[in-house]
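Structure first, then comments.
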Amino acid sequence: MLERTLRVLEYNKVKEQLLEHTASSLGRDKVKHLVPSTDFEEIVEMQDTTDEAAKVIRLKGSAPLGGITDIRSNVKRAKIGSMLSPNELLDIANTMYGSRNMKRFIEDMVDNGVDLPILETHVAQIVSLYDLEKKITNCIGDGGEVVDSASDKLRGIRTQIRTAESRIREKLENMTRSSNAQKMLSDSIVTIRNERYVIPVKQEYRGVYGGIVHDQSASGQTLFIEPQVIVELNNALQEARVKEKQEIERILLMLTEEVAVEADIVLSNVEVVANLDFIFAKAFYAKRIKATKPIVNNERYMDLRQARHPLIDPEVIVPNNIMLGKDFTTIVITGPNTGGKTVTLKTVGICVLMAQSGLHIPVMDESEICVFKNIFADIGDEQSIEQSLSTFSSHMVNIVDILEKADFESLVLFDELGAGTDPQEGAALAISILDEVCNRGARVVATTHYPELKAYGYNREQVINASVEFDVNTLSPTYKLLIGVPGRSNAFEISKRLGLSDRVIEQARNHISTDTNKIENMIAKLEESQKNAERDWNEAEALRKQSEKLHRELQRQIIEFNEERDERLLKAQKEGEEKVEAAKKEAEGIIQELRQLRKAQLANVKDHELIEAKSRLEGAAPELVKKQKVNVKNTAPKQQLRAGDEVKVLTFGQKGQLLEKVSDTEWSVQIGILKMKVKESDMEYINTPKQTEKKAVATVKGRDYHVSLELDLRGERFENAMARVEKYLDDAQLASYPRVSIIHGKGTGALRQGVQDYLKKHRGVKTFRYGDMGEGGLGVTVVELK
């Protein structure tokens, strides 16, 4: 991108706001070097990455990036053998902890079912150096001091130091507390000079204590003397301190060498956390400006819904819908100055730059944006005093440069095209420049106050007029963009509101040609029609949203009803099974009792009477249980019966064996000790499988009442999407849905084409079509099922 384009579109101001959300100098360095990408795949991945970080912030509120610092120079020094200071080593340990903590944070979210594939890939590159981290923190305290426990030798030396200091203080305090000493000392204190303990002695008593004078007061009346009696003790203390320093240096060198061994891993981890800091800064900034992830396409069109400029307070700015690249490739915004035209122009430019930098943009969901190889902008008054260029000349220098470089992959933004010269010539130049850029296939947004360009949009197929709405009642622009309506000056209406007489205004109208008046009246009617159409659309949109809400509520109630019904059926079935089981047990008991009675010759009971008794008892079983007991394999075509086959006599519910066929429809059947004739229609063939064979058992899948009426495939890879479509259509048919919607987005069109090719071949599909305006348009396919 041209540096001038980034400057006039205030890209660096966006980066300054982004910097406020970084957690470390590592992230800040990434932001400072941020420039828009022109690679489609890279931009899509950056947008997806920012979206994952935004999801983390929505779920967790923040990310644990604290304690991370830029330790790269320290690690590189360790590699070449320089000894690191305690604080430098502590920074390394803290950064290692921060990277390890960040890795655990993301992995825990993934383990809990949050889908973060890109962030998961990032943290997978972090290698835990827990042992090195603990070695450093075990040796260095939070304040940057080497602790006693760093080594046994250091602990012993410091014990000696404390003992020596205690003995020295004790001796000196005894000296200062004596009654004789009071008159010889300037103050009864023990202090330190040149790292040796001393006492403040008056000048005239310097010879009383002997020893060494280390300092004197500003007046010269007080000498700081190390008495002779503690010279040896101070010497011993100094020797211990030298040993302490040597041991500390040994420990620091040892830790530095440990860092040098793992230097490459540490530097790799630093790069990962730098990227994570940068990524989460983007997500926090998106939250700040209420931005969303745009759909990125490679088809050179954009659809910005309710777009806002990120540098203007969202509570103040008026959002606008801006479309470019489908029905028209050029927008010409006409109308008076100070009407918000330049803000609209800059909004388009900065949204494109942000999106191509992986930043979410301040628009509504489902907004689309395309990738431009070049963005050219001629905005503002940039006169060059050194080159003595006028406003017009300055603009023309930029325009000449743009015309040399613009092509079909370019976005060109012109502010007040042709301004600064004779209006008639300026308008003619503006038209020629627009024709030249449009013929190259570039996407163009231009602003102008020349009325001649109002007709330009009507005479060119790929060009559309637009204006910024002006409220005559308040005498101020509303900053609302009106696509398809050219701007008008409103001079007469403003003058009338300010008190100019009707007579003067009418005379002024007479000075304007009839054609001009007709055009102004036509524009006024267009504005009114636009307002009415927008009002109607808003009402329709509100009704659509209300309908969707009612639909979702109805679907929820249907699901709840079906769940409750299924629950009651299961409960009833269970109760029925329990009753049947009880009846069977009772029947078996009765039959057993009757058989025992017959054996005892206490009753003259026949087997067929026993069978009939049991059949009557089983007849009391609930119908649902009988249905449940029918095996799927029995619904197959009727088996060819042969003598010796085992069958079930349905009337009695008993198993029997076929003896011989006595007629076309009857068989002689052996049931226990009883032989009887049974019709084929009253028997069921029992297939007894061989032990060595395994038969496939058919299963019947019930309806799933939790199938959604929509399938969202956006972001899916082609193969995964097709597999999901296949399963979804099967589930929808089982759920008896008459119609479903498949959301594939507009994108490159590959996924949309793949879905519709599949639907053409699916036997369960009756018809399909694109969604209507309220259903998602070309981004949705509505499927009618058989």
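A Cβ is built for glycine as well, from the same backbone N, Cα and C atoms used for every other residue.
The ATP binding site annotation in Swiss-Prot covers Gly335, Pro336, Asn337, Thr338, Gly339, Gly340, Lys341, Thr342. Summarising the annotation, Swiss-Prot assigns domain 'Smr' to 711-786 and lists sequence analysis as the type of evidence.
In the three-state DSSP classification, Thr342 (ATP binding site) falls within a helix.
Counting every protein chain shown, 24 other Cβ atoms lie within 10 Å of the Cβ of Gly340 (ATP binding site).
With the fewest other C-beta atoms within 10 Å around its C-beta, Thr342 stands out among the binding-site residues Lys341, Thr342.
Broken down by DSSP into helix, strand and coil, the domain 'Smr' (711-786) contains 35 helix, 19 strand, 22 coil. For Gly335 (ATP binding site), the Cβ neighbour count at a 10 Å cut-off comes to 28, with all displayed protein chains included. In the three-state DSSP scheme, Gly335 (ATP binding site) is classed as coil.
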